[in-house]
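J.: Pulled these features from TrEMBL for this protein:
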| type | residues | note |
| --- | --- | --- |
| TRANSMEM | 17-37 | transmembrane segment |
| TRANSMEM | 44-64 | transmembrane segment |
| TRANSMEM | 76-96 | transmembrane segment |
| TRANSMEM | 116-138 | transmembrane segment |
| TRANSMEM | 158-177 | transmembrane segment |
| TRANSMEM | 184-207 | transmembrane segment |
| TRANSMEM | 227-249 | transmembrane segment |
Amino acid sequence: MSASTDQYGYLPSTPPALFAIVYFGIAVIAIVTQTIFGKYTHYWMFTLALTPAGEAIGWGARYWAHSNPVDWMPYVIQLCSLIVCPVFLSATNYILFCKIAEKTGPKLFLIPNRIYWILFVILDIISLTIQTIGGVMTSNAENFADLDYGSNVMLNGIIFQFSCTVFFVVLVAGMIFRSRAKGITLVSVTGWPIMITLWLSAVMILIRNGYRIAELHDGWKGHWIRTEWYLIAFDMAPMAVAVAAYIVISPSHCLSNDKKVEEHKRARLSDCIPLC
C-alpha cells in the first residue's frame with residue numbers, strides 16, 4: 001500500500017490507546033492471578049485472558065500508528081486483533097453457562113448438558129476460524145481492493161458470532177424460566193453476582209458485534225470506520241465493561257466447583273471477593 005494512502009481517516013489518538021494498553025494489560029494479570037490463586041479452581045478462565053490480551057495488542061498497534069499512520073503493519077494488527085479477540089469472551093460465557101446448567105441438575109433441558117458443551121465449542125471454533133481466515137486475508141492485502149475480500153470474510157464471521165450470542169441469550173432466558181418451573185432459582189444456585197456477570201458480558205458482546213457489523217458493512221471509506229470515537233464507545237468500552245465484570249465478580253471466587261445445588265448453596269454472597 002502506498003505511503004500516501006489515508007488508512008484511518010484520522011490520526012489515531014494516544015490517550016485512549018494508552019488507557020486501553022494499561023487497562024487491558026492489568027486485566028490479563030488480574031485474570032491469571034485469580035485463576036491460579038482463587039478460592040475455586042476454574043482453569044477455563046485462562047480463555048478469558050486472551051480477550052484483554054488481544055485488546056492490549058490491538059490498542060498497542062494503534063498507539064504505534066499515531067507516530068506512523070501510513071504504516072500498513074500497525075493498521076492490520078489493530079484491525080485483526082480487535083476484531084478477533086472477543087471470540088474468547090464468548091467462549092468464556094458459553095463455558096460459564098454450561099457450568100451453571102450442570103449445577104441446576106441434569107434434566108433442566110431436554111438435551112443433556114454435555115451436548116451444549118459440544119455445540120458451543122463447535123460454534124466458537126467456527127466463528128474463530130471464519131474471523132481468523134478473514135484476518136489472514138486482510139493481513140496479506142496490499143490495497144483497499146484486496147482488503148475488501150478479507151473484510152467480507154470477517155463480516156460473515158462477526159454476523160455468525162452475533163447470531164450465536166442472540167441464541168445464547170435466548171438459551172439463558174430459557175434456563176431461567178425452566179429452572180423456576182422446576183422450583184429452582186438460579187440466584188440460589190450461583191448467587192446474583194455470577195448471573196449479572198453472564199448477562200452483562202453477553203449484552204456487551206451484542207453491542208460490540210452490532211457496531212462491527214455496521215462498520216464493516218459500511219466499508220473501509222465509510223463513516224463508521226473513519227470516526228474514532230465510535231471505536232472507543234462501541235468496541236473498547238463494551239469489552240472493558242465485560243472484562244471488568246469477570247474480574248470484579250470472578251467465578252474463581254464466586255462459583256464453587258460443587259455440582260450439586262445443595263452443596264453450592266453453601267457458597268454465600270460473602271464468598272465473592274472482588275479483584276484479587
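Cβ coordinates are placed from backbone N, Cα and C, and glycine is handled just like the others.
Where the annotation comes from TrEMBL, it is an automatic prediction and has not been curated.
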J.: Tell me if the transmembrane segment (17-37) touches the transmembrane segment (158-177). I count contact as 3 or more CB pairs below 8 A, with pairs 6 or more residues apart.
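T.: In this chain the transmembrane segment (158-177) does not contact the transmembrane segment (17-37) - fewer than 3 Cβ pairs sit under 8 Å.
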J.: Which stretch from 44-64, 76-96, 116-138 shares the most C-beta pairs under 8 Å with the transmembrane segment (227-249)?
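T.: Against the transmembrane segment (227-249), the leading stretch is 44-64.
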J.: For the transmembrane segment (76-96), what are the same-chain contacts with Cβ under 8 Å, counting residues 6+ beyond its ends?
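T.: Distant Cβ neighbours of the transmembrane segment (76-96) are 44-45, 47-48, 50-51, 53-55, 57-59, 61-62, 65, 120-121, 123-124, 127-128, 131-132, 134-135, 138-139, 141, 154, 158, 161, 164-165, 168, 194, 197-198, 201-202, 205, 208-209, 212, 231, 235, 239, 242-243, 246, 251, 255.
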